[in-house]
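Q: Mind having a look at this structure? Questions to follow.
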């Protein structure tokens, strides 16, 4: 039993851990050896188990193994000693063939199948099992792939080795007697040698830990015809046996040289094929798990028909890093190519702006125009295009000036002038209506036209009465309160010559109406009351006339009143720069009386003389160009407009457009109420047939047909709508700060309805002037015409909402709906009353002004702390009076430490209402007891005053 091999030591010497003991026991079962953890084996059993575990040679062990023939044992020992240990072998039938030569071959085959039963291997069936994927081989610099021709050459050399070994076995049969006694000892020594070789392999593995390990291929090919030829071709050979390791070294060198040549030809190395999946249990296996260094070992045995081929693709791993670099380089190249596309070449907005700034400074690449024509209403991007500037530079310049705009916002005249100064441009502002106007007929005879005279002046100075006297019709009596509410235009004949008069309101609210009257006039007549002199609206009228560059004639009215001083009036006008003719000046001062009619003929003659001097002419042929003086809605006729023609002729049936309104002239009525068919220059008429009420001051253009008129009106409507949106988005820094500060601003929603467009415009402007930092009027809707139920629905959900009507009255249904919605409707006939009513409403919503009135002062001389009551200060009144219940400040060292109300005031032990100067008193404050000697009480009253607008 001393020669028995312990299983645990056997496992340890194999280089395996005790955890892998179970795997060794399972492998022992495969060869018919039943083992347990503490069992021991004979050296013969240990040798067979070692061969099976290490080399893969499967030799079955019988449960009751018979005594072996000494000759056969001797032959086995000789074979073991003569042949080096192969790296991988399979159980073969060849040793049984050498046992008895006299036995026939079929009998040997049967015995062979009985001794080592194994699954039948079909011809050329291969199964690949990858059981050692993570391990890498110890062999370095192995070739890449094994071709079929190389395998055939290796087979031929291995067959020659097999034949030489069979001849060597015959020579060793004669020495069986001498080696019989040492059979058992040799087996033990062989086992020990094998164990020592395993240890050497483990040491070799440790020394090659840093080397990439490769997986081996075991290709097993079964061919019955080759087997029969091998059995019958036993020949003697006295040549020395060449080791398989040396043969493989030669093969390896040949393959490496061929691989180098192939690598030079092809840039991309061939990739190893994927391992096929085992589909069939009957197919043979190619084991990937055996990892060996084949140097110095025989890899072939004459007793087996298997060939062990190693994965010789080390060149792939050596070039792996280079392949990754090339792949990354290819990816980078592709990315660079993709960036060179037409979209990526376009730079961002910032990059474009930077480039263009450089170009703008370079006069050779970008030239800025010195003089350009800019429309009166132009967008930011249009200005940049016309001025040949960078859009970003224009927006940046406006931003630096405190105006935040977008490229679609409109620029006003001030902004255009600032930009022109910043970029050193000469600009000429053009009228925006030129693009909508039809070119005038250049071929034609200009004929004399009547002068257009505008009467302007201060309110109640007698403008309408004077014009009424001229027309012999008392129009002023029909006006509410005797005040003209909107423009009136009339034709007057004098000495067979016609004069067109335009009457403008004198109230301050109608400033824009006076401005329009001055723009369409040829001569301005300024009416001044001799008993009142020059007033605010008089100065304003003079400024409008001066801006329109029209001559001015002064009419000194109310000369019939006693104690009038015309020289004083002339002196006041001279101070304004308007010197009379009799004082050596250029301006006519005509004394008139609208009440008696004195001086009217002299005034008309002066107007005609001035017109003759001016030589007023116009072309009567061609399409008409007129100015809308006033627009309104009349019952039964719809939208109507009072127009005065400047050039051409307007006839019934002509198509036209005025701003957003368009239509065809249905009827024309003069100032006398008569129907007319044609309207020539400087003539005034009331026309019908409009799609909507045109704004006062708009230009009416005659066109060829309705389609053109509609198209131009729609185009203008779109333009104005975009302009309105631009105004809503364009905000300056100051406006933005004001919006943030006025977050608690009270708004009064208002709807304004008037009889005419001019009156509506004047009311809106007057109401907006009443806005202040606390209360503001918000006009949510305005229009010409009566109050409707839709107007009520707009303000039904708003608090403090008001509907204002001027010269209109609501119907019964509208009044009932207003009560239902709790909406206030206020109607007026005089603009004074409307503005004053809204001013009172705003004042009621505004918080009053609080003022303080100082009443007295007392100094603290001593303090008394009374339990459950508080601190009472003994004081002496030093100024004024101290009263109970009044507000007081407690001042300590000049600093107010408390403000409250005097809760109790006593004189000795008596409660008093007030204490005068020089007397002592006791003061107790409400909810404050931190009073010290030396403090001062200062009493005051709060006086509330109403705000004024």
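Residue numbering: from 1, along the chain as shown.
Yeah, the Cβs are placed from backbone N, Cα and C, and that goes for glycine too.
If you look up Swiss-Prot, you'll see 457-464, 503-507, 557-560 marked as GTP binding site. According to Swiss-Prot, the compositional bias 'Basic and acidic residues' annotation covers 112-122, 150-159, 191-208, 249-264. According to Swiss-Prot, the feature compositional bias 'Low complexity' maps to 174-190. Sequence annotations record features per position, and here Swiss-Prot assigns compositional bias 'Basic residues' to 209-220. Look at Swiss-Prot and you will find 448-617 tagged as domain 'tr-type G'. Annotated region 'Disordered' per Swiss-Prot: 61-122, 139-159, 171-284, in sequence order. Per Swiss-Prot, region 'G1' is recorded for 457-464, and the stated evidence type is similarity to another entry. Residues annotated as region 'G2' in Swiss-Prot, with similarity to another entry given as evidence: 482-486. Here Swiss-Prot flags 503-506 as region 'G3'. As annotated by Swiss-Prot, region 'G4' applies to 557-560.
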Q: Other than its close neighbours in sequence, what residues sit by the region 'G4' (557-560), given a CB gap under 8 Å and a spacing of at least six beyond its ends?
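A: Counting only partners 6 or more residues beyond its ends, the region 'G4' (557-560) has Cβ contacts under 8 Å with 461-462, 466, 527-532, 566, 591-596, 598-599.
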Q: Which residues does residue 559 (GTP binding site) neighbour through Cβ under 8 Å, counting only same-chain ones at least six apart?
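A: Residue 559 (GTP binding site) has long-range Cβ partners 530, 566, 591, 592, 593, 598, 599.
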Q: Fewest neighbouring Cβ atoms within 10 Å: which of the binding-site residues 457, 460?
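A: Comparing Cβ neighbour counts within 10 Å for the binding-site residues 457, 460 gives 460.
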Q: Write out how many residues of the region 'G4' (557-560) are helix, how many strand and how many coil, based on DSSP.
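A: Residue counts in helix, strand and coil order: 0 helix, 1 strand, 3 coil.
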Q: Count the other Cβ atoms sitting within 10 Å of the Cβ of residue 463 (GTP binding site), across every protein chain shown.
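A: Its Cβ has 26 other Cβ atoms within 10 Å.
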Q: Which state, by DSSP, holds residue 463 (GTP binding site): helix, strand or coil?
A: helix
Q: Taking all residues of the region 'G4' (557-560) together, what is their mean pLDDT?
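A: Value for the region 'G4' (557-560), mean pLDDT as a whole number: 86.
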